[in-house]
């Protein structure tokens with residue numbers, strides 16, 4: 001008998017690290033994208049929490065009137081936010097080392113850029129990590145394609161819109177009330193409710209919710225019972241089983257009779273592709289709408305679009321919306337602008353009919 005002994009090739013530190021990063025046997029898959037994702041998302045999260053709790057007021061409008069957004073400066077969970085960086089900074093990259101002091105960096109809203117940039121890099125890497133794990137497991141790439149919709153939406157409001165408007169002070173504040181303020185101002189300045197891409201986005205989000213509820217309720221209503229009446233039907237499912245867990249024929253027949261025959265899918269794969277594609281395409285259009293409105297390609301404007309035989313305007317709901325837009329625009333940055341651009345751009349009307357006699 002002959003025994004052959006081979007010396008085990010010793011792996012270097014880098015090789016062991018690479019094997020650990022790309023191993024699909026780990027409880028948590030890291031991946032090469034994860035090597036960048038983990039530190040960036042941790043940095044964004046830590047900075048967001050600290051800024052939300054303790055950041056001093058920020059001169060967002062660049063007019064020396066700071067706005068407080070942290071909890072320690074009088075806000076609560078609803079009104080608190082990480083305030084966008086100052087309009088005086090504009091689109092300049094503003095890391096800590098660009099400021100003369102930490103106080104100046106905080107006053108000009110430096111934490112906002114730190115959070116947003118690290119967050120965007122992190123979610124981009126999360127998307128890449130989804131693709132990477134799918135590739136290593138032999139899956140198709142639809143998971144990361146679906147996730148690209150919220151990533152595109154985040155990039156639109158945090159990056160593309162500020163670039164189009166010329167300042168990161170126009171980005172969405174990182175808070176609940178700040179988000180609503182961003183929405184109101186966006187409507188006032190761009191009439192987003194009358195933009196077709198926003199309409200497609202609304203159809204995608206609400207339609208996706210409706211289809212998800214319909215699908216879940218149909219499946220739950222047509223489960224194949226594998227248990228006794230005393231046990232929950234959920235116990236009849238075994239993870240990895242080959243048999244169908246619900247009767248798609250019964251669900252198809254029910255829904256086809258409830259609406260009409262061709263409103264129901266008889267192919268499970270087509271059905272689930274539709275459930276994924278509908279909201280994803282809708283959110284893609286929303287992100288595209290934000291991106292084009294960033295460069296002032298705004299929603300439709302129906303100002304006084306209906307007139308009578310005498311040429312007088314017949315006001316419609318569109319005119320009511322336009323008036324609401326003007327009101328919101330007046331309230332926005334009230335100390336920086338006395339009137340919205342729609343009014344300030346017209347010729348000035350004289351205050352008095354004639355010159356006042358100063359000599360009395």
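Cβ atoms are placed via backbone N, Cα and C, with glycine included.
Between the stretches 274-288, 289-303, 304-318, 319-333, Swiss-Prot puts its transmembrane segment entry on 274-288. Check Swiss-Prot against the ranges 175-196, 197-218, 219-240 and you find transmembrane segment recorded for 197-218.
Within the same chain, residues at least six positions away from residue 126 (pheophytin a binding site) with a Cβ under 8 Å of its Cβ are 33, 37, 41, 147. Among the recorded positions 161, 215, 265, the ones whose Cα is located within 10 Å of the Cα of residue 170 ([CaMn4O5] cluster binding site) are 161. Once Cβ contacts within 10 Å are tallied over all protein chains shown, the recorded positions 161, 265 are led by 161. Local packing around the Cβ, expressed as the count of other Cβ atoms within 10 angstroms, is greatest for 190 among the recorded positions 190, 332. A Cβ distance under 8 Å defines the sequence-distant neighbours of the transmembrane segment (274-288), meaning residues of its chain 6+ beyond its ends; these are 142, 145-146, 148-150, 152-153, 155-156, 197-198, 200-205, 207-208, 211-212, 215, 265. Mapped onto three states, the DSSP output places residue 170 ([CaMn4O5] cluster binding site) in helix.
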